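Noted in TrEMBL for the protein shown:
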- Leu17, Glu22: substrate binding site (BINDING)
- Arg107, Leu108, Gly109, Arg110, Gly111, Lys112, Gly113, Tyr114, Tyr115: ATP binding site (BINDING)
Amino acid sequence: VLGHPKYKESRRIAIFLSMPDEIQTGEIIQDIFKQGKECFIPRYKPQSNHMDMLKLLSAEDISSLALTSWNILQPSDDDSAREEALAGGGLDLIFMPGLGFDKKGNRLGRGKGYYDTYLERCMKHPRGKPYTLALAFREQICESVPVAANDVQVDEILYEGC
């Protein structure tokens, strides 16, 4: 990941805070700050498919975040001081989680459509859609995954041995 050309050239990066069953992103987050890049993380709105990408101030800032009912750390609802990526300069790159992927770039998420609706919003931003890199275990690569009309394909899937 750290040597990937898209990562190297990106300045504004959105990344998920990993759950135990996902590729761990802690080292990538550390490197984002080490390289002087800007880091944005998801804030999900429950009972909807709305998600914002809010600016993380430092890797240590993660410890100040609230734990949701899904056991995910994210900025609290009343945290209005953080920059939302699309209210500012947009994003260059989004690292995406998922449960399964196929080699055509189709992604199976957790069923709420948060990333698909966020990417639709990105496409309306003057900067346009950021490059999307999915992080996966080899076991998550399938022959095909089910897709719906509003699903947005990922640009590239990174997994061990790809």
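Each Cβ is built from the backbone N, Cα and C atoms, and glycine gets one as well.
A TrEMBL annotation is a machine prediction, not a hand-curated record.
Cβ neighbours within 10 Å of Leu17 (substrate binding site), excluding its own Cβ and spanning all shown chains: 18. When the binding-site residues Gly109, Gly111, Gly113 are compared by the number of other C-beta atoms lying within 10 angstroms of their own C-beta, Gly111 comes out lowest. Neighbour list (Arg107 (ATP binding site), Cβ cut-off 8 Å, at least 6 residues apart, same chain): Met96, Gly98, Gly100, Phe101, Tyr115, Ala134, Val145, Asp151, Gln153, Val154.
All protein chains included, Glu22 (substrate binding site) registers 16 other Cβ atoms within 10 Å of its own Cβ.
Excluding Arg107, Leu108, Gly109, Arg110, Gly111, Lys112, Gly113, Tyr114, Tyr115 themselves, the residues of that chain whose CB lies within 8 A of the CB mean position for the ATP site are, in sequence, Gly98, Asp116. Note: the CA-CA distance between Glu22 (substrate binding site) and Gly109 (ATP binding site) rounds to 12 Å. The Cα of Leu17 (substrate binding site) lies closest to that of Gly109, out of the binding-site residues Gly109, Gly111, Gly113.
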